[in-house]
Amino acid sequence: MIYISMFKFLFKILIGEIMIKLLYEGILIRENGIIKKASSSSTLIITDNNNIIVDTSTKDMENIIIKGLSELNLSPNDIDVVINTHLHYDHIENNPIFKNATFYASPKEFGFNDNFEDFKKFKDKEIEIIETPGHTYGSISVIYKDYVVVGDASPLKNNILKMIPPKLNVDEKLALESLKKIRKLRKNVITGHEGIVYKEKLL
């Protein structure tokens, strides 16, 4: 069965046992090259063993995230795991609402502390986490079935579509290599700030 519901900020895909929901697709606004507004995407993944959030976006998106969860009869207290693709503020500000979650990130990230576990310790047979550095040295991406949530390895659709490294990066060469790695996966890409790029566009 395939059920797809799309509207302004939410979409949901159920394909057999696949459950992934984009709670918020993200936004990135620049004026004259200066970032004026940045809120990351936030993705819910439900596996047999865990309710997982990948990135929690900014505080002003809290109600959108909670509403998206409620549509599946979930609340923040039902989330077992939060995986942060990196630790920039626009990807982590709602972490505190997930009171029962264990938080995972890369120890290479500036800001990694005792609130986080090393992502390599996370175990779920349905999830693979890979390193995709460039935007930051510790950037990671989360693979689930036919989807990969990439954070700011590809903040916007054109980054992955046209193989353009993100403007904000610590190492442009690493960023490009990460984009190549993501393309080779041949999966639907959930970007950091602009929703989804379907794999058919990446062939």
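Cβ from N, Cα, C; glycine included.
Taken from Swiss-Prot, the feature Zn(2+) 1 binding site covers H86, H88, H135, D152. Around H88 (Zn(2+) 1 binding site), the same-chain residues at least 6 positions away in sequence with a Cβ under 8 Å from its Cβ are S40, T136, D152.
Residues or ranges marked as Zn(2+) 2 binding site in Swiss-Prot: D90, H91, D152, H193. The secondary structure of H91 (Zn(2+) 2 binding site), as reduced to three states from DSSP, is helical.
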Report summary line: Taking the centre of the Cβ atoms of H86, H88, H135, D152 as the Zn(2+) 1 site, the remaining residues of that chain with Cβ inside 8 Å are T85, L87, H91, T136, S139, G151, A153, P155, P166, L168, G192
Report task. Give the sequence-ordered set of same-chain residues, not counting D90, H91, D152, H193, with Cβ within 8 Å of the centre of the Cβ atoms defining the Zn(2+) 2 site. Result -> G26, L28, A38, S39, S40, S41, D55, S57, T85, H86, H88, G151, P155, G192
Query raised in the report: Between D90 (Zn(2+) 2 binding site) and H135 (Zn(2+) 1 binding site), how far is it from one CA atom to the other, in Å?
Result: 14
